[in-house]
Amino acid sequence: MEVYLVGGAVRDKLLGIPVYDQDWVVVGATAEQMLNAGYSPVGKDFPVFLHPKTKQEYALARTERKTGQGYKGFECFFSPDVALEEDLLRRDLTINAIAMDSQGVLYDPYGGQQDLQNRILRHVSEAFVEDPLRVLRVARFAAKLAPLGFRVADETMQLMQSIVASGELSALTAERVWQEWHKSLLTPAPQQFLAVLRQCGALAVVLPEIDALFGVPQPEKWHPEIDTGIHTLLVAEQAAKLSSSAVVRFAAQVHDLGKGVTPPSEWPSHKMHCHTGLKLIKQLCERVRVPNEFRDLALMVCEQHSNIHRAAELKPQTMVKIFNKLDVWRKAERLNDILLCCQADHAGRQGLQDHPYPQAERIQLAYQAALSVEVQSIIQDGFKGPAIRDEQERRRTEAVKAALLNA
């Protein structure tokens, strides 16, 4: 029995970046031997076992054969006779097909180290096209490794385009699409996930609402980049710099979906996009099964971002109404998340990345002033029933007015 560290752990170790998960492949063993050694089986379709102490995954070396459509249409063959090279051959990218033994000796039959050096994401074999999920995985690796200068090999991009053309992406479940998208939101460059999917044609299939933004013009006065799709990528980039929260990053990526359905006769103006976008966000989140926490923030940002951009023009009464609608009295962190998205939107414009965003400070000032109004003092002043809320509203508005006058 031979045990090797494989996949992402070896790749990240060689790149000098933190290793979080370790996966192992076992050559020359049977399932019975693994059970006898105290390992617990976890794989229903594949021979995967958990180590009795570390709980890390150990998989028997295997080969795969395409038998049907989609990422599940595979027949798995495993036996003690399957060689390490055969197991590595079925993997997606050369940089993920390097193994390391207990002495630190590397086994790299497909040139993964060379591609790591050259910063290339390249498929291991032509069997790459058999699994449509790999299109999304490569896009995610492009996002994860973008700061190190990685790019997708031309020939791999061609294979990704052929997978899209084959219609195989339709076999991906909503859960798988969301899983990869969510993982991409946690990478250093989430915009690259969208950009690579756009490049190979997959964005139109898995996230058509975002794809529809490309080629849609905006007023050059406010958006030097003009194209709404390019703006979305820039906003995604800025959101990742401003916040590590996947929820904030998601909301930033989808806040402008309404611009994709503006009638061309109205271009480059998008007066209704804050409202038309709400339906599209709901539709996308339902289809891809996006968690409610992500959907809810995205809807709020979509509806309010134009108002927040105009913070200097908003009346105190309007500000309090916005705070009520967002329910920030009970969820203070929500306002901060929304302001981060708006700041990313503001900075996500060509040449304006470092432009100040005083609107956030003004909104926060107004919020803190409104927050200082205590309901207890209103009750002590003799107000009862519905009159308490009316008086609270009035005092909050006055507090905001005074704070902004003194700003």
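Every residue gets a Cβ built from N, Cα and C, even glycine.
Per Swiss-Prot, these features apply:
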{"type": "BINDING", "residues": "GLY8, ARG11, ARG91, ARG137, ARG140", "note": "ATP binding site"}
{"type": "BINDING", "residues": "GLY8, ARG11, ARG91, ARG137, ARG140", "note": "CTP binding site"}
{"type": "BINDING", "residues": "ASP21, ASP23", "note": "Mg(2+) binding site"}
{"type": "DOMAIN", "residues": "228-329", "note": "domain 'HD'"}
Query raised in the report: Quick one: which residues besides GLY8, ARG11, ARG91, ARG137, ARG140 have a Cβ within 8 Å of the CTP site's Cβ centroid, in sequence order?
Result: GLY7, ASP92, LEU93, ILE95, ASN96, PHE141
Query - Sparsest Cβ surroundings (other CB atoms within 10 Å) among the binding-site residues ARG11, ARG137 - result: ARG137
Report task. For ASP23 (Mg(2+) binding site), name the DSSP secondary structure in the helix/strand/coil scheme. Result -> strand
**Report entry** Neighbour count (Cβ, 10 Å) for ASP21 (Mg(2+) binding site)
**Finding:** 10
**Report entry** Spatial neighbours of ASP23 (Mg(2+) binding site) among the binding-site residues GLY8, ARG11, ARG91, ARG140 [C-alpha, 10 Å]
**Finding:** GLY8
Query raised in the report: How many of the residues that make up the domain 'HD' (228-329) does DSSP mark as helix, as strand and as coil?
Result: 80 helix, 0 strand, 22 coil
Query - Number of other Cβ atoms within 10 Å of the Cβ of GLY8 (ATP binding site) across all protein chains - result: 17
Query raised in the report: Under a criterion of Cβ-Cβ distance under 8 Å and sequence separation of at least 6, what residues of the same chain contact ARG91 (ATP binding site)?
Result: GLY7, ALA97, VAL124
Query raised in the report: Taking Cα atoms as reference points, which of the binding-site residues GLY8, ARG11, ARG140 is nearest to ASP21 (Mg(2+) binding site)?
Result: GLY8
Report task. Could you tell me the maximum Cα-Cα distance in Å between the residues recorded as binding ATP, namely GLY8, ARG11, ARG91, ARG137, ARG140, rounded to a whole number? Result -> 16
Query - Protein Cβ atoms within 10 Å of ARG140 (ATP binding site), excluding its own - result: 24
